[in-house]
């Protein structure tokens, strides 16, 4: 599998996600935001975490309009896989690839902590290695992760099974305490209509080794690699 | 002849922070009245912050060398060899004054400045730490300052993309008018790719890089070299504004440019901006520097030479480039969207010449600006000796359990989760030990090595006995690194003191430095970088002497380490080190008995070293994975923290005869550790310790859901944890 990790000025977790992709068996290449095309044969596009353009405007607003995003939108339109993590999720929302928006955290502070997520479905290219309803232990690190959408969008996401992950406790229970950034319906990640675009606030790429906290994040990258080798 | 259009009056000299005799020294040096630009330049170079004029002669006594030291003090940061062709580059620096005036930006730019010091030398920052002291919790300004400083540190580091992995937070009324914000950065470089400030070659282009110059921060370094009074908040315009996004771009652009081979010398523009960076590059290289300010990228129109030379706008660098490489360098900077301008050249005149709008605005001897800065051997008096407080003379608590519960939830000892959760401590995926333990551990690249990092000092010890306090600060950093399995290699020191013009506080400075030097020598733990922050006082009231020590240690195999958390039931808890029940200056005496008295615990450095080496060998041989150093709050607090961290209780039934229980539990004797180990191994360890004369005794066993103290006093883990976690969030929510 070939992955293209888009680097915007201010991206800062691109190295982390490259490491996770490679350790799961994917090739991974960094692609500068000013490019107009993706590398030949790109299977997966990753928009990594960080503070693109400083996030001085709405988070992801400028990156969502960067040159390379036309190529990313075209890739998604062809059914290509796109993963946006943290700032990447914000960029996906700003670029129109995913609905809704990420607001300031409920406590108005940046929060970095370990966080359980409930895997809502395991029949997508991103989650095959997990069990449906499994609680995975990853981490969050964001100031604006409070997922917000209008009622209609929310109803559609829920109705069509497009919620990928929800903030939960260790037993996969959805609780208010577990939803620290205040997201609607405890949403931590969502899919596009065709399930080929995933945006999520938490960082699976930082939980890929026992030495640094655990391996629950690996499943996401292994799912991608395995689903791709299956498709190919 | 240089034109002088502003008369230099005594008032103007005073406003620039120069004493009359210092000004006279300058006039004699240049043989004429200075221009206003020149006065600005000399005020920037000769203030305390930049010239170390009160501290220099005492700093000379610190040990700075070891076989693994590549670069000691005097460069942007210290450099040590960690093997495999890699160097660790690190430094700690204060941003106390600006953070008090404008907490968010003050703290943010403190982080930015120290990150820049590290990547200026070619290192990619891999970890940040900090050391924070605030006024008493009841002081009306304290919550606002805590909130702003923490948000500022997080705001900068999180965006820049460096994990903030450790630090220290404390409160004391002596910081009411002067908080401490010390930031430390740690970076990695290849040993053959380290960059220095020394310019070489005549006629080489001097290049300005990074953000544009504005009017922010003018006279920041002068402000940082003065004591505060009631009007200090009027100095807000002298605080700079940080832009972590620009800094991230500057990092990437600088590292890329260094790889291109175009760089001869590089210096970041920190305190005193363009002035200090240019003078440093020239003076170190025995060269003159000529700058044409018309070419400096400016944010605002109509800036004068004076303003440009003194601006402390952030995220700027100065480089000397190899001639002919300008195009290539410019392309790299433009790719990252940063300003790039050739603004001058090196000369053979040894003069610092500033031109603006076709006129010479300054023409000064470059070496003398640094070398001839005033040097003071300020009068000092030794701090009065404090009496040793006998354990028997200290009141027992109503119950030890209740006292421990209070300590665990006290402002200084409670969990600082509320703080470090606002810092991204996980980015880069190498954080092996997160905040909350003895020392943080970060893996070096893909391993197998790791770095152990900590910041420490016990200011109340330093005040009661500067020499012992100085020793203890170093010993505690050494002990914290040892407790996670690291071999302590070197320190950076951030010396925060009150006015050097008062003999009492100068005496504290001198005493602490002697203690630091002594400990560094005995523990083979040299000082490789540092920063001095004096004049931390308001209306004559000084801070506690606070020489913060940032320590770096090495783990050869990062997977073999220890942490404070109890990990299993049934482990034997062993105390390493001798216990006399030292309660003078203890947390128990202060927070339970309300007495801030007595001599602090003496530090026997030989014992410190032997006990530490014994513990480190136990960790490295894989026998022990649970260790906590003993410091504030002694055995009692350490047991509580180990139980809380692991979610495993403990039962301690043995207390020595002839020592009051509260002295045993809360005494702060130095050179001690608690370890928890499989009971089958315990006998061996006790035997080994006995064989080499290291005091070791089994105190109890882990297990259960409570901490049980001698005399069947039990505290449930739930209670302990609740007390530990509650104070800070409640306080910040206005509920404590």
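Cβ atoms here come from the backbone N, Cα and C positions, even for glycine.
Noted in TrEMBL for the protein shown:
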ACT_SITE  A:86  active site, nucleophile
ACT_SITE  A:203  active site
ACT_SITE  A:205  active site
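For residue A:205 (active site), other Cβ atoms within 10 Å of its Cβ number 31. Within 10 Å of the C-beta of residue A:203 (active site) there are 27 other C-beta atoms, taking all protein chains into account. All protein chains considered, the CB of the residue listed as 'active site, nucleophile' has 29 other CB atoms within 10 Å.
Across the fold, the C-alpha of residue A:205 (active site) and the C-alpha of the residue listed as 'active site, nucleophile' stand 11 Å from each other. Each residue contributes its Cα atom, and for residue A:203 (active site) and residue A:86 (active site, nucleophile) those atoms are 7 Å apart.
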